[in-house]
Amino acid sequence: MAGQEFLRKTLLLLLFLVLYAIALGFSMDVCSNTILPGSKGDPGEVGDAGDEGRLGKTGPPGHTGVPGENGEIGDAGRTGKTGPAGERGQTGERGSAGASGIKGKAGSTCDCGRYRKVVGQMDINVNKLKNAAKFLKNVVLGVKETEQRFYLLVKEERKHSDAQLNCRLRGGTLALAGTENISTLLGSYISEAGLTHVLVGTGGEPEHGGNATVSGRRCTQVASDGALSRAECDAMKFYICEFSRN
């Protein structure tokens, strides 16, 4: 009986403790002070701008744009250097004959016998001056000189015999390329004039014109490189006259 009594008291004590613990927990939940959140406040001021960020990576290239309009034409460039002289063109056809002039007035008779000699000599001198002026106009690129002679390139097409005669009338002769140095000098003269060949002398030409091939002589020409070659005696070409310095 004593053991059952002890057990009953022990169970009652445990039950009391359980009920006390439950009551204590319920009381704490009911009396707890819970703080609820308040209403939303006003927005604050905008802050200062931050530092510039780091440069990002280069993106992929874009598509090709539309071509722009053409710009204005620029100023004209500087004039270029003058090119070499071209070859002489072919001689043109002879023009038509002009109309006859008006008939002049009849002249008066005069006893001019004593003036004829003076006038005749003046005409001769005037013709010589005209021929000399025409000759000098046809000389190109100045004069080529050596210690004994000087040479003139005449820009006037003539046959070999006529060229020789024309040089003789002016106190000279057709140039003779007797040495290699003279041939080189004449060749450079021809090259500077933009020509390929000109007539030169062969030595021992007759005093008057004629076909050199009939007398057994050959007509000669010199090239821009100084080389001598045979030329047609009736061919019209430029020529070089030779004059003594004495």
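The backbone N, Cα and C atoms fix where each Cβ goes, glycine too.
Sequence annotations record features per position, and here TrEMBL assigns signal peptide to 1-25. Residues or ranges marked as region 'Disordered' by TrEMBL: 37-104.
Away from its own ends, the signal peptide (1-25) comes close to no residue of its chain (no Cβ-Cβ distance under 8 Å at least six residues beyond either end). Helix, strand and coil counts from DSSP across the region 'Disordered' (37-104) read 0 helix, 0 strand, 68 coil.
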